[in-house]
Amino acid sequence: MAVEFPEELPSGTQAKDTSVPVKRLRWATRRTPGKKGDTKRQSILAKLGHKRASSRASSTGSTLKGKLPEDPEAGTGGDSDIQEPSEDTGGRTVYFNIPLPPEARDEDGHPTAHYARNKIRTAKYTPLSFIPKNLYFQFHNIANVYFFFIIILSIFSIFGASNPGLNAVPLIVILTVTAIKDAIEDWRRTVLDNELNNAPVHRLVDFVNVNTAEDKISLWRKFKKANTRAVLWIWRSMRKNKKDENGKTSKERALNETRPSFDPRRASTFSQGSNFSRLGEEGAIQMTPVPSPLPGQGPHGDDRLSMDGEPMALTTDDKIHGGPEVPKGQAVENVQRFYGNVINPHAHTPDTARFKNDYWKNVQVGDFVRLYNGEEIPSDVVILSTSDSDGACYIETKNLDGETNLKVRQALHCSRKIKHARHCEQAEFVIESEAPQPNLYSYSAVVRWKQRDPRDPNSPGTDMAEPITVNNLLLRGSALRNTEWVLGVVVFTGQETKIMLNSGITPSKRAFIAKDLNWQVLYNFTILFFMCLIAALVQGSAWGEPNTSHKLFEYKSYGDNKPAVDGLITFWAAIILFQNLVPISLYITLEIIRTLQAVFIYSDIGMYYEKLDYPCTPKSWNISDDLGQIEYIFSDKTGTLTQNVMEFKKCTINSVPYGEAYTEAQMGLSRRMGNNVEEEAARAREQIAADKARMLDGLRKLNDNAYLRDEDLTFVAPDFVDDLAGNSGEEQQAANEQFMLALALCHTVITERTPGDPPRIEFKAQSPDEAALVATAKDCGFTVLGRQDDDIILDILGEERRYTVLNTLEFNSSRKRMSAIIRMPDGKIILFCKGADSIIYSRLTQGQQHELRKSTAEHLEMFAREGLRTLCIAQRELDEEEYQIWNQEHDMAAASVANRDDNIERVADAIERELTLLGGTAIEDRLQDGVPDAIALLGKAGIKLWVLTGDKVETAINIGFSCNLLDNDMDLIVFKIDDEDLAQAEAELDKNLQLFGMTGSDEELKAARKNHEPPAPTHAIVIDGDSLKLVLHENLKQKFLLLCKQCRAVLCCRVSPAQKAAVVALVKGGLDCLTLSIGDGANDVAMIQEAHVGVGIAGEEGRAAVMSSDYAIGQFRFLTRLVLVHGRWSYRRLAETIANFFYKNLVWTFALFWFQIFDNFDCTYIFDYSYIILYNLAFTSLPVILLGVLDQDVDDKVSLAVPQLYRRGIERKEWTHIKFWGYMADGIYQSLVVWFFAYALFAPGNFNSESGLDVGDNKRIGVYVATNAVVVVNLYVLFNTYRWDWLQLLIVAISILLIWFWTGVYTAFTVGETFYKAAPQVYGQLSFWALLLLTTIICLLPRFAGKSFQKLYLPRDVDIVREQIRQGKFDYLQYEDNPTAPAQPEEKWSSGSTTPVGSRNYPIPTHNEANDGDSTRPMYPPSIAPTALTTTTTRNQRSTNGSDGTDYTGHIIINDREQNQPKTSFERSRPSFERPRPSYDRARQSMDRIRPSFEQSSDFTSAAGLMRMESAQSNDSRGETRSPTRFKMGWGRKDDVEEEE
């Protein structure tokens, strides 16, 4: 099939005979300029038919889909070919060098469109709005409103307040401290905002942007800017700027510097440097007086325009051939496609425009911007042209989606001639764009222009249009990589960019205790109301009595002796008197405690990540207690659980396995078998080190590879080097060479060569797997040096060779493979393919390589059992005619606009058949240090971990086994619903709920909300994104939630950021629990913000998650310390602090209340007013604060050693309503004792001092009462404190003695008026000391008795553990610096980690010790159960096959008769070959031991399954395509495999 092009071209063009251009799918490869220099590159530019096909190019789901014609030439015709976005969609039209039309203006002639500024602000406040806005937020707290109301009441003397000003001090202090804290937090955000807004960008200036030229700055904005400048001037004047020797800061120098106009490009390895410009040549364009592009960005032929702006005609020398000449008759005639040019060659321009360094905040819609390599994109930019001759550029989107691989973007065809400022002035076009929307993978727009006839300035021009997709868009937040420069136009700015639309508003999170605290405050308000009501009723009725003494001694009441008025006045006076019942000081105390807790978290060296110099950083200081109540943790996988660092470990070539490694999975198996892991690991490391030295020696003898670096070698296989040298015969030598050649050719990596001695080559790839494969090929002597045009240049054992890449068919999730079609130096065309083993096996040539397929499948199975990710490598030789016919179809598919992805995939599928198997690879995706131990500890603590990842199902399952999330004893419930069928999804949910005897009813949900016990480790759920979309439907999500509640682990794969947040919201809203989300990329921000607590990992790849998180850590393993230590401490401390605070205020307030009984509730103070102020401020504040900051029931090491202690937090037993009312009852009881004991002392008669004055007046009795209350309260707090160290005892003693000190000092002066000399008078009485001793004992006796009974007869877990600490059972922890630290993290190879701390035996009677078996669980639980040593088999044995090497191929079930067969075939280990292979023999032995139960695998592609798999996608001998095989139950004999007819 040939690609048809229109016969007629627009005016000014003519058809040209060109050869078929080379096509290949491209995503992240960078061309190296060819040897022919500028002439060659100019011819490449003029070959407009040279197109790139990218499988990800059109998977955007844009709104133009369905509107565009299916004709591949949709972009070449007039307006009718492309429909513009409809007006009702809220789209925008951006004009460039075209005046605004009348419809774009309103009745007054002003532009109707107004666009967002590019300046963003994530801070809450500005210098102008801080005070009013902060006060507004603070007075959202009902307690602050209440106390402000109290202050207003106290101003009026009628209510009896003695010192209104002093009464306002606590509220002022609280508001001030909180405002300072908010200001510090917001200032940090402001600094980050300013750094971003003031980042430099090259923007076209002295150019009329018609879209924003008439915008005006409002007076209010000018006023705000003036205030901001004033504040900044004050701030800068207070600090000294660091100046360089010229007196300028680095930022000032950056903005004033211009890029040099010379070309400092490093000389290419393969081509000579070219001149930057040929100003004297005919047809060259005069450079504008502006800074030049980045090094090497000069017009390498791609600026070779004629004076009229049209591309020059190609000569016959400019034709490019994709390899050797195609025989006559086989060549396909093609006509160059014409895309047009937005440059108007006849436009009259002032030639004043220039690119100047400006700030991001000044970028506007419609601006031209020039971006350079390494710069971040300031706004959403449509690409006009790039430094690459075919308009490609490469971006890194780690700030958008967390991915570090490079992605390709393409410039518009019609604008690729725009290179300089003069071209920008000449370009006349309109972009009709869709409205701003948050979909990162979708964008729909169209560019329209009039194509001018270069030979006729008066011609009206032809209307042309070209579609714009997300492939032509650079998004704000992404970074330009491996591209010298890009020139584009801005379409979205500021809050309208996609990254800002996705970021949303950071939610304001409140701690769970803080929310629950509102109820306790409400209860106290209720108590206060009734206290005041009683006072009002009694006082009003007392003044209404006619025959009482007040008639004789009182002139008149404030209410003119009217009971109702007197009662009303007394009600408000009582509110002032009893105001401490609702303690405002509690809020400032909690702020102080949480702040200090954040400081201690930040200072914890146990969570310091030395590699990044990054401590645990609290970003939200007010939710530390929520860390102690987490029940569900939602985690990303890549970069969070894993290092995302791949190491090539093993391979199998021509039935021969190579590679020595000792993985964590092998360590886990050895531990479960009872072996001494440390000794075995030491022996394995010693052996591997010796083999590595031998391999390096052999490689250097074979070839002096200048690019081989000893420390980078991960593939240790000395026998491979021997075979590569031919020691095992020519056949194996050729197989090894072809295998490594396939690794070196079948990829899309970018090479970066650093000169030196020795030189260094770095590979940048779409995935770390691919980089690991190419790096291993380099180590073995097959080095990828780079690309030149369509050639890939290899150094093969010292010989440089060139291979022409004809096509590259990319990997994607549906294909699960990638291919490269290569023209070899001898002219042959070979397709190399790598992919998942099930995919490759299904495409092998039928009836061939039976033994090779069998042995390779077995080797891959062994590799997978070692926790390695596997791939298969295959090839196919194509004849010339077959390739040319296929290439025509591929060209047509690549040129299509509608359904482009599907068309390309269909064409690719047609040629990736009849493959020949070469072998397989095994790569280790290493977990972060300590992840298995961390997950094991969290599991023992009762925390459920769900993994929400965008990776494939197989990868997620593999990691689940690797990190102890899954084990062999679990049944995997795999959800994969086809065709988006809700009925099928519901049926699947019902079927699985029946396993647990559930139906998904509301009653079951109510029961589930109350049940916080971890589920039995019998089941786990694996679900993909498409199925998750169904089960999250309103009618099904309750059933799904209940099913997940019954499973120990849940893995959600292929999920979007929105789905991650939806899963978190489902659990957060459906169950009565607290959630935590942890991730490292921008794609995790949604779930981080949705969870109660969000934790970001400050990895090496981006900080988007950190910026949106509540806590930032350097590694996943630090999460255990953050949650199990600091979280548990904070929760217990805060719960105890709040209870004690309510208690101590109740004692004080009710003592006042009891006194009111004896003065008719006239609201007289029994205490001196200074006591009332200092009670919460000095006398009782410090012990409670110290309790909330430093108290520890057990230390950090014991907290990690016994993670079960955390379960009280999950069940929220530290802070309950019962506990609250218990402390309230204690307070009421002790207030009764404090007051009535003093009353009973004075009731019979008064005591006289030495001076003869009695001490029976209210203020001196108040000394008795107040001192007793202070002593009792502080000792009570001490009773409730676990940690009695010298500091706690000292603070309690100081707080108690402070009331004596204050009373002595204050009453020594007459300022106290009637309180003068009260201290010596009261403290000199023996009755005072006797009453103090008696009151203290009687008050504390019930608490002491209750605690003693509880600890002796109803001990809690922590009580038992504390006793064991006293017995010395945890003394061994003193010798462990960090119980969760990984063992030997500096080792490059897998060396395992320490035995989990929780593996030691702690007799905790209150917990089921059945979980103690978890302590022996390996870090990498493979499909090898303890059956290796016993005769029983596990319920469901599994293979842990790798991410790229597995697929679900059928459910294989063992017949009963075969299940009972004796183990005879594989009872003894067998050596695989005559030469020693320690690693192979270890894996072989493990397979032999578990072979009888191996075939029970129902989740992974097993070796037997691969051997039984027919080549479903390949053609048989009759040329027909066979159907996929169907497995019957059995062991896989020939008669057990049926083919569908």
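The backbone N, Cα and C atoms fix where each Cβ goes, glycine too.
What TrEMBL says about a protein is an automatic prediction, not a curated fact.
Some features that TrEMBL has for this protein:
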| type | residues | note |
| --- | --- | --- |
| ACT_SITE | Asp636 | active site, 4-aspartylphosphate intermediate |
| BINDING | Asp636, Thr638, Asp1080, Asp1084 | Mg(2+) binding site |
| BINDING | Asp636, Lys637, Thr638, Glu770, Phe811, Lys834, Arg869, Thr949, Gly950, Asp951, Arg1054, Lys1060, Asn1083, Asp1084 | ATP binding site |
| COMPBIAS | 23-34 | compositional bias 'Basic residues' |
| COMPBIAS | 243-266 | compositional bias 'Basic and acidic residues' |
| COMPBIAS | 1454-1492 | compositional bias 'Basic and acidic residues' |
| COMPBIAS | 1532-1541 | compositional bias 'Basic and acidic residues' |
| DOMAIN | 108-163 | domain 'P-type ATPase N-terminal' |
| DOMAIN | 1106-1355 | domain 'P-type ATPase C-terminal' |
| REGION | 1-111 | region 'Disordered' |
| REGION | 243-272 | region 'Disordered' |
| REGION | 1376-1541 | region 'Disordered' |
| TRANSMEM | 143-162 | transmembrane segment |
| TRANSMEM | 521-544 | transmembrane segment |
| TRANSMEM | 564-588 | transmembrane segment |
| TRANSMEM | 1138-1157 | transmembrane segment |
| TRANSMEM | 1169-1190 | transmembrane segment |
| TRANSMEM | 1220-1241 | transmembrane segment |
| TRANSMEM | 1261-1279 | transmembrane segment |
| TRANSMEM | 1286-1306 | transmembrane segment |
| TRANSMEM | 1326-1346 | transmembrane segment |
Among Asp636, Asp1080, Asp1084, which are recorded as recorded positions, the nearest neighbour of Arg869 (ATP binding site) by Cα: Asp636
Fewest other Cβ within 10 angstroms of its own Cβ, chosen from the binding-site residues Arg869, Arg1054: Arg1054
Spatial separation of Phe811 (ATP binding site) from Asp1084 (Mg(2+) binding site) - C-alpha basis, Å: 24
Neighbours of Thr638 (Mg(2+) binding site) among the binding-site residues Phe811, Gly950, Arg1054, Asn1083 (Cα to Cα, within 10 Å): Gly950
Site diameter for ATP, Å, by largest Cα distance between Asp636, Lys637, Thr638, Glu770, Phe811, Lys834, Arg869, Thr949, Gly950, Asp951, Arg1054, Lys1060, Asn1083, Asp1084: 31
Neighbouring recorded positions, C-alpha within 10 angstroms of Asp1080 (Mg(2+) binding site) - of Asp636, Phe811, Gly950, Arg1054: Asp636
Spatial separation of Phe811 (ATP binding site) from Asp636 (active site, 4-aspartylphosphate intermediate) - C-alpha basis, Å: 22
Residue with minimal Cβ packing [other Cβ atoms within 10 Å] among the recorded positions Asp636, Asp1080, Asp1084: Asp636
For Gly950 (ATP binding site), nearby residues of its own chain (Cβ under 8 Å, 6 or more apart in sequence): Thr638, Cys1053, Arg1054, Val1055, Ser1056, Asn1083
Residues from the same chain, set at least six apart from the ends of the transmembrane segment (521-544), whose C-beta lies under 8 A from its own: 142-143, 146, 550, 557, 559, 561, 563-564, 566-568, 570-575, 578, 581-582, 1142, 1153, 1156, 1160-1163, 1220
Averaged pLDDT score, the domain 'P-type ATPase C-terminal' (1106-1355): 91
